[in-house]
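Visitor: I am attaching a structure below and will ask some questions about it afterwards.
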Ligand SMILES: CC(C)(COP(=O)(O)OP(=O)(O)OC[C@H]1O[C@@H](n2cnc3c(N)ncnc32)[C@H](O)[C@@H]1O)[C@@H](O)C(=O)NCCC(=O)NCCS
Ligand SMILES: Nc1ncnc2c1ncn2[C@@H]1O[C@H](COP(=O)(O)OP(=O)(O)OP(=O)(O)O)[C@@H](O)[C@H]1O
């Protein structure tokens with residue numbers, strides 16, 4: 001079974017993915033793939049340099065992520081240009097990685113933009129949403145990444161709404177204030193039994 005794991009920035013997808021991995025799922029992380037495609041020698045760099053200029057590539061030969069973040073989250077047209085380069089490569093790489101799953105092993109695609117993407121919704125059998133209040137998303141990302149409030153809000157403004165995500169979810173993991181890591185893990189355990197253990 002192929003699961004699409006989604007949620008807004010900082011909602012807790014990576015934390016839930018780690019809990020699923022501990023139980024035996026193969027995780028395909030699209031943020032990580034995007035990072036690899038834009039690391040030194042990354043396959044996406046020539047097209048990015050052509051579309052955005054070679055100044056977007058840092059002295060270390062990798063994408064200048066902070067500079068690109070400022071550019072794309074301020075201008076939807078620039079974001080779409082970057083996505084049109086990266087998304088086909090991310091999709092291709094993700095499917096190739098899923099191909100190494102053992103027979104019967106659940107595959108979980110961690111895809112922040114799954115709600116926004118018809119392609120992704122067609123690639124998965126079920127959608128698992130990690131959901132939390134927007135204020136908590138903001139606080140978590142500011143704490144984790146050291147971004148300013150304005151930076152996080154700009155990213156959130158470019159993402160699907162909480163309602164839109166809930167509308168496409170088959171199951172929801174609640175990661176609100178007061179849910180500690182043990183309580184989050186317990187929800188993953190219940191879901192794992194329901195979707196994988198009880199059905200085999
Ligand atoms: C703009 C970039 C360079 C910023 O890099 P940076 O290291 O600062 O952030 P990082 O990659 O860790 O992303 C943090 C979060 O931002 C959000 N985000 C990333 N890209 C997008 C996007 N195109 N639209 C909306 N939200 C996005 C996601 O929630 C993601 O988890 C990078 O996010 C990127 O290359 N984005 C385009 C690729 C993409 O769409 N990735 C999403 C996974 S499919
Ligand atoms: N229930 C929780 N209790 C405490 N900390 C949490 C909880 N859930 C998530 N966090 C922390 O909040 C931050 C964001 O979580 P995580 O990285 O899992 O989110 P994400 O959805 O993968 O984010 P992104 O979209 O930016 O990749 C992390 O530092 C994580 O450790």
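Keep in mind that glycine also has a Cβ here, set from the backbone N, Cα and C atoms.
TrEMBL does not curate its annotations; it predicts them automatically.
Note that this is a predicted model, so its numbers are computed, not measured.
According to TrEMBL, the protein has these features:
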BINDING   10, 11, 12, 13, 14, 15  ATP binding site
Visitor: Comparing the binding-site residues 11, 14, 15, which residue's C-beta has the most other C-beta atoms within 10 angstroms in this structure?
Guide: 11
Visitor: For the ATP site (10, 11, 12, 13, 14, 15), what does the 8 A shell look like? I mean other same-chain residues with CB within 8 A of the CB centroid.
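Guide: My list of surrounding residues reads 7, 16, 130, 140, 175.
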Visitor: In the three-state scheme derived from DSSP, which category covers residue 15 (ATP binding site)?
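Guide: It is helical.
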Visitor: For the binding-site residues listed here (10, 12), which one has the lowest count of neighbouring CB atoms within 10 Å of its own CB?
Guide: 12
Visitor: CB neighbours of residue 13 (ATP binding site) within 10 A?
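Guide: Residue 13 (ATP binding site) is surrounded by 26 other Cβ atoms within 10 Å.
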